[in-house]
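Student: Sharing the record's features from TrEMBL:
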TRANSMEM  B:6-26  transmembrane segment
TRANSMEM  B:38-57  transmembrane segment
TRANSMEM  B:63-81  transmembrane segment
TRANSMEM  B:88-111  transmembrane segment
TRANSMEM  B:117-141  transmembrane segment
TRANSMEM  B:162-180  transmembrane segment
TRANSMEM  B:211-233  transmembrane segment
TRANSMEM  B:245-278  transmembrane segment
TRANSMEM  B:290-312  transmembrane segment
Amino acid sequence: MTSTLKAYAVRLFPQVAALVVILLMVSFAFPDFFRLEMQNGRLYGSLIDILNRGAPVALLAIGMTVVIATKGIDLSVGAVMAICGAVAAACITSGYGLVGTLLVTLGTGILCGLWNGVLVAVLDIQPIIATLVLMVAGRGIAQLITEGAILTFNDPGLIFIGSGSLLGLPMPVVIWLVFGLVVSLVVRRTALGMLIEALGVNRRASMLSGVSTGVLLIAAYVLCGLCAAIAGIIAAADIRGADANNAGLWLELDAILAVVVGGNSLLGGRFSIAASLLGALIIQSVNTGILLSGFPPEFNLIIKAAIIVLILVIQSPRAQSAFVFLSRSQGAAPAKTEEEAK
Amino acid sequence: MNPRYFPLAATIAIFIVAYAVCIGQYPNMLSTRVIGNLLTDNAFLGIAAVGMTFVILSGGIDLSIGAVIAFTGVFLAVLLEKTSIHPLVAFALALAITTAFGALMGAIIHHLEMPPFIVTLAGMFLARGMAFVLSIDSIPIKHPFYATLKGIYYKLPGGGRITFIGGLMLVVFAAGILIAHRTRFGANVYALGGGAPTARLMGVPIGRTTILIYALSGFLAGLSGIVFSLYTSAGYSLATVGVELDAIAAVVIGGTLLTGGSGFVAGTLVGILIQGLIQTYITFDGSLSSWWTKILIGLLLFAFILLQKGLIHLTDRRRRHA
């Protein structure tokens, strides 16, 4: 047990360290950063805000981690969010009731995932292109459902999902924490996680050793669609309306980024959902931090790009081999190899 | 017919059939004015798509072009507003910056062995961020030289005009076709798309070719930015969001394999024209909403991917039997 814990600590150390450094840097610029308050039975504060605002990306990152572990990628999650938000708003306004609305919306997300999964697994299309189809067409479909307008609703049940609170935490935070925990347990307490990794490393080899790769691939994309549906419901409930143009816009890129910042390889194989969730929190902390510390928001994207490049350079195969070389040759002209790594 | 030409032939056939259907419904669409506008309205997209074709032929992808176009537009607008330099000098500066930017991304992709998807994604954030830092407002460009450039056109019989930017797009496509099929660099791009290890064994300079490909894409994105600033007479940091997707769609509809190594620059032109035609049809119809453009382009994309899949399947079988 202690060895598994230690392995976890080693795996998650870079992400936790990065998160702590970023949070400390923000708290220098904004001293009240770590203050938490209880008001009306709900926690308030910048940290809670990061958890809350990061909910859609965190949810998307869960599904994206599994898809990327299969050596795939899902570009359509942002568009699926828009579709699901539109479906949720359309259902609730035409009187389906909360349970019916949620079921139909989650079903829509699963259907979108199924479409992607079938394209990738059965028709054997490259994931990046297969999901591009839904990414391009998805926003059009969402606008078709909302008929080009922003569909607003005021059903208290649906709004609760976006802005209510449970056990002192905002509802979106509870949802992504619980969902992340459930998915992690399902893939790590069964052989599923290992099979997915095997599939990502070598699809043919794992098929020959008896893994039903087709079903697993489709399941990965379905999970991704489901995550996008939940994120879409939260995004719509948060603004009490479905905006087909802007809901989930470019979130697919943030989700992929969260997975990469979480140290998962885009080439498939070993994955860690916890690390991806930390990656999502890092991205959100950077966003919130830049706003709080009074930097002009124009610099947001540049700082984000700089952080990505830094993390990618550290993770790149060349730099890794340079690190190995450095640790072996203990100070034998280390300055030169570091320069080469850059 | 060589199966290599099937996707291109299918694209051209679809364009002709679609255009015929449009004319059947709205006879006015058969005018040189519509054709002239088709070229002018899609000029910036077409020029950027030529760069994207080279990147995709080499098996890569460039997500940064939309952001680079916006950056170029804002850069030109700010430069022309704050200083008194001639627009031609500003154009040269902008092209130098975007070419260097593309070359830098290519160098990172090659030397750090990172996937193009993530590197150009970071490039997209960086270019968009630079545009925001330069200005978050939409800045009008009022330089008289812009009016001169916009006044240049070639009058077609029937009242249509090939404007300066529309003509520039055709020139860029012609140059792209020459580079792809008649130069060593073009052959290297195809070889790289066929597989990097094979290309290396054949003696293709992988590093130089990769850097040149992304530099070319950066250069054409910069040129596209100049054309876009001529088209709108303004620079705005939130402009051309998602143009990279339209460009990728045009390349795929044009019959280029997204796995790289097979395709034609000329196909991309037809892909652009098909997208433009869908938009023109929706404008003519008036009752259809603009979101049908996205759905139709998505469906076309899907149809072409299936077509390519079927072709690969057929040629594989033929090769096995041979």
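Any Cβ shown, glycine's included, is placed from N, Cα and C.
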Student: Is it true that the transmembrane segment (B:290-312) and the transmembrane segment (B:6-26) have 3 or more CB pairs under 8 Å, sequence gap of 6 or more?
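Tutor: Between the transmembrane segment (B:6-26) and the transmembrane segment (B:290-312), which are separate recorded stretches, there is contact, as judged by 3 or more close Cβ pairs.
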Student: Any chance the transmembrane segment (B:38-57) and the transmembrane segment (B:211-233) have 3 or more Cβ pairs under 8 A, given the pairs are 6 or more apart in sequence?
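Tutor: In contact, yes.
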Student: Sort out the residues at least 6 away from either end of the transmembrane segment (B:6-26), same chain, that have Cβ-Cβ distances under 8 Å to it, and list them.
Tutor: 253-256, 263-264, 266-267, 270-271, 273-274, 277-278, 280-281, 284, 300, 304, 307-308, 311
Student: Please figure out which one of B:88-111, B:117-141, B:162-180, B:245-278 racks up the most CB pairs under 8 Å against the transmembrane segment (B:211-233).
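Tutor: Of the candidates B:88-111, B:117-141, B:162-180, B:245-278, B:88-111 scores highest.
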Student: So which of B:63-81, B:88-111, B:245-278 has the most C-beta pairs under 8 Å when paired with the transmembrane segment (B:117-141)?
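Tutor: Selected stretch: B:63-81, with the most Cβ pairs under 8 Å.
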